[in-house]
Amino acid sequence: MENFKHLPEPFRIRVIEPVKRTTRAYREEAIIKSGMNPFLLDSEDVFIDLLTDSGTGAVTQSMQAAMMRGDEAYSGSRSYYALAESVKNIFGYQYTIPTHQGRGAEQIYIPVLIKKREQEKGLDRSKMVAFSNYFFDTTQGHSQINGCTVRNVYIKEAFDTGVRYDFKGNFDLEGLERGIEEVGPNNVPYIVATITSNSAGGQPVSLANLKAMYSIAKKYDIPVVMDSARFAENAYFIKQREAEYKDWTIEQITRETYKYADMLAMSAKKDAMVPMGGLLCMKDDSFFDVYTECRTLCVVQEGFPTYGGLEGGAMERLAVGLYDGMNLDWLAYRIAQVQYLVDGLEEIDVVCQQAGGHAAFVDAGKLLPHIPADQFPAQALACELYKVAGIRAVEIGSFLLGRDPKTGKQLPCPAELLRLTIPRATYTQTHMDFIIEAFKHVKENAANIKGLTFTYEPKVLRHFTAKLKEV
């Protein structure tokens, strides 16, 4: 098997969900009704759903079996302690708060860290800035809701789809330290390390880069939060690309990675493979005060701290999923599936970001050069792909990035990308071939695809619920 060209799916399919086929006319009507926003399509009208890998994949038999052990006690559930034990064993973090998903963790820790910086360091809320290699959209949104400006400090290779680089998700370390000095260290409430960097194309961050980032953070006494949705994929890339760790296990690399943060926030719906769940964890007693404050907010916003909006069975499933998501054979297959899709698209001259961990990212700016950024070329491409083949994908570009909350002007985006997100253990190689063929048809009509403008624009996280029309 070692020398075969393609890895088959390393699992057997036991339960299937039928999907319906629709006509072009049906899909054209559906996308117009949705306001040219694939988020607002009904799932039953989607043939292949590449909107997200968040909670949309299959679960393992061990995860499904674990649900039967669920303790549904309101407080002190043994299922909570099973989850907390998994966190200690995998990440080395002592304090665990479950949440319903990643944004549940964000809405808790962000105001707590801002308040802590204000009380201990005299943070000026009118000047505060948080830094990241690239903020995930909800992390950015929660920061802005709390009055915190966000700044992404990424390397120059990150968004250049013509460049191949092992760790495109890395922090620009000089830019990070320069930015901290500019705003004043006391006005930086937190640094977020996003692994992998979703907005850059599911690109990994090296351990060397994380170490250096953490050293800078410690120099200025700034807390570091690891945004951990795709921690296992990041560990796999480190094993493959960072020579020092080629003989380490995924578990060993993961444990080493989390030495270089103080807290973790996780949407467990990605690499932990669960349909619902999140985590907020603190490494040790130095953040016990933060843990205490976050537990209090959890009661108000998520639920009692030993369930955090999750039923007992869901916590048991997550406790197992954290391990199952680190399986080396599984990760090798998953990364290879994404690479297969990217290779197939590039063979038909569809320019992509180099293959990342969870999705193929098409360079819509190059495919549709006639559509300006403020008419959202990747969103227009998403709508066309749905019309042609019933495939739902998601824009990662100017539409998602949004406006400057202070000036109201569109923020400049480094690339206009269309994300084709692969749900875990859900689609086969035949589906990948169908997606590639769909892009052949899209390319034939590319010159006739029109840009988009708003008919309804929310002020925060607009890409989820906005409505548009063709220009």
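Cβ coordinates come from backbone N, Cα and C, glycine included.
Annotation source Swiss-Prot lists N6-acetyllysine at Lys5 (among others). Taking a C-beta cut-off of under 8 Å and a sequence gap of six or more, Lys5 (N6-acetyllysine) has no contacts in its own chain.
Look at Swiss-Prot and you will find Lys115 (among others) tagged as N6-acetyllysine. Packing around Lys115 (N6-acetyllysine) is summarised by its Cβ count: 16 other Cβ atoms lie within 10 angstroms of its Cβ, all protein chains included.
Per Swiss-Prot, the feature N6-acetyllysine maps to Lys156 (among others). The DSSP secondary structure for Lys156 (N6-acetyllysine) is coil. Listed in sequence order, Asp172 are the same-chain residues at least 6 apart in sequence whose CB falls under 8 Å from the CB of Lys156 (N6-acetyllysine).
The C-beta environment of Lys270 (N6-(pyridoxal phosphate)lysine), restricted to residues of the same chain at least 6 apart in sequence and closer than 8 Å, consists of Asp53, Ser54, Ala229, Arg230, His358. What Swiss-Prot records for Lys270 is N6-(pyridoxal phosphate)lysine, and it gives sequence analysis as the kind of evidence.
Residues annotated as N6-acetyllysine in Swiss-Prot, with sequence analysis given as evidence: Lys450 (among others). Around the Cβ of Lys450 (N6-acetyllysine), a 10 Å sphere holds 16 further Cβ atoms from the protein chains shown.
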For Lys115 (N6-acetyllysine) and Lys450 (N6-acetyllysine), determine the Cα separation and express it in whole Å. 46
Where does Lys5 (N6-acetyllysine) sit in the DSSP three-state scheme? coil
